[in-house]
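J.: Submitted below is the structure of interest, expressed as structure tokens.
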Amino acid sequence: MAVARVPLWVVCMLRVALATVYFQEEFLDGERWRNRWVQSTNDSQFGHFRLSSGKFYGHKEKDKGLQTTQNGRFYAISARFKPFSNKGKTLVIQYTVKHEQKMDCGGGYIKVFPADVDQKNLNGKSQYYIMFGPDICGFDIKKVHVILHFKNQYHSNKKSIRCKVDGFTHLYALILRPDLTYEVKIDGQSIESGDIEYDWNLTSLKKMEKSSAESKDWDQAEGDKSQDWEKHFLDASASKPSDWNSELEGDWQGPMLQKPPYQDGLKPEGIDKDVWLHQKMKNNYLTEYDLSEFENIGAIGLELWQVRSGTIFDNFLITDDEEYAENFGKATWGETKGPEREMDAIQAKEEMKKAREEDEQEQLVGRFGGQENTFQRFHRRDEL
């Protein structure tokens, strides 16, 4: 029996169909990007962006992105998309960044915001869900930030993740999975991964609810136990002692026995622990958002400071599919990274050649200039 072969393009199309792409930006339509991205007017001193592929590139059009243009400025710009929740889903955030000015101090990170963010007033105090990407300043700070918003606070990854510091374009990707694991990739290579609870020193709501439920279950059982021991029962089988003196000791009363229904190792009577815990979690946890789960994701933006401008941001992607993100990275950054380095090498050789020619010219001028000065000196001497 022959096995039908499925063409590769069909597999690729199926993969794309299965992926949910929440946001994708390549800046391939010229200045129309200004209709999608909103520059914050919160501060008149905020720096401005322009569309540029830089001084060297792999493809002049495909490598165009948002470039910072003014030194010593804060920048704030964002783009909105249809709101969504990543609860129970993988979340992939990916983009490229190029510090062609050889960054000395400044941010190259992005932020993911709630849908209700005020884009016109975007600033450093605007609430965000995720901050991810490189940050460079001097010799000490060369790191990749991964900051998550959880229970009204911002939490940083406790691991030190080193970023790229050269002037080429690099692909950054953050993957947050529903099993509370994460992965950070640079240029398609995994450079850090692990457990969100451990690497952020946080506790999952699932575990907190379970722990709280078990604690309350235990407290209730202990309470039942104490109440049970307070219940006394008359021992009807007991009889008055023969030597009991009623005149001296008063009327005789039979002994009271303690008969608690509670026994260690057994569930409290009348409570099904598994059912009670399930109901407790259903009523509380399922209405809240756990680590790396966000209810109303709806915008992405750049809110950062740079001492020296020139950084280019491009190829933004937010999706729920790791394979789609990988393929998108290969189709964008993967296609232009080689030609970009080749163009930079050619320019470097041309600059070296030009500098060498200028040095030679200066030496020639100096040599002939010296001879001319000697001739003029002797000529003036003859005149005297």
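Even glycines carry a Cβ here, placed using N, Cα and C.
Pulled these features from TrEMBL for this protein:
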BINDING   Tyr109, Lys111, Tyr128, Asp135, Glu303  alpha-D-glucoside binding site
DISULFID  Cys105-Cys137  disulfide bond
REGION    360-384  region 'Disordered'
SIGNAL    1-19  signal peptide
J.: Cys105 (disulfide bond): which of the binding-site residues Lys111, Tyr128, Asp135, Glu303 is the nearest Cα neighbour?
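T.: Smallest Cα separation from Cys105 (disulfide bond) among Lys111, Tyr128, Asp135, Glu303: Asp135.
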J.: Taking the Cβ of Tyr128 (alpha-D-glucoside binding site) as reference, which residues of that chain separated by at least 6 in sequence fall under 8 Å from it?
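T.: Within the chain, Tyr128 (alpha-D-glucoside binding site) has Cβ neighbours under 8 Å at Lys111, Val112, Phe113, Pro114, Val117, His149, Glu303.
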J.: Please find which two of Tyr109, Lys111, Tyr128, Asp135, Glu303 have the most distant C-alpha atoms, given that the record lists them as binding alpha-D-glucoside, and give only that distance in angstrom, rounded to a whole number.
T.: 17
J.: Restricting to the chain of Asp135 (alpha-D-glucoside binding site) and a gap of 6 or more, list residues whose Cβ falls under 8 Å of its Cβ, or answer none.
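T.: Those within reach of Asp135 (alpha-D-glucoside binding site), by Cβ under 8 Å and sequence separation of 6 or more, are Gly106, Gly107, Gly108, Tyr109, Ile141, Lys143, Val144, His145, Cys163.
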J.: Please give me the CB contact count at 10 A for Glu303 (alpha-D-glucoside binding site), counting all chains in the structure.
T.: 24
J.: Under 8 Å Cβ-Cβ from Cys137 (disulfide bond), six or more apart in the same chain: what's there?
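T.: Looking at Cβ-Cβ distances below 8 Å from Cys137 (disulfide bond), excluding near sequence neighbours, one finds Asp104, Cys105, Gly106.
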J.: On a simple 10 Å Cβ count over all chains shown, which one of the recorded positions Cys105, Tyr109, Lys111 is most densely packed?
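T.: Counting every other Cβ within 10 Å of each candidate, the maximum falls on Lys111.
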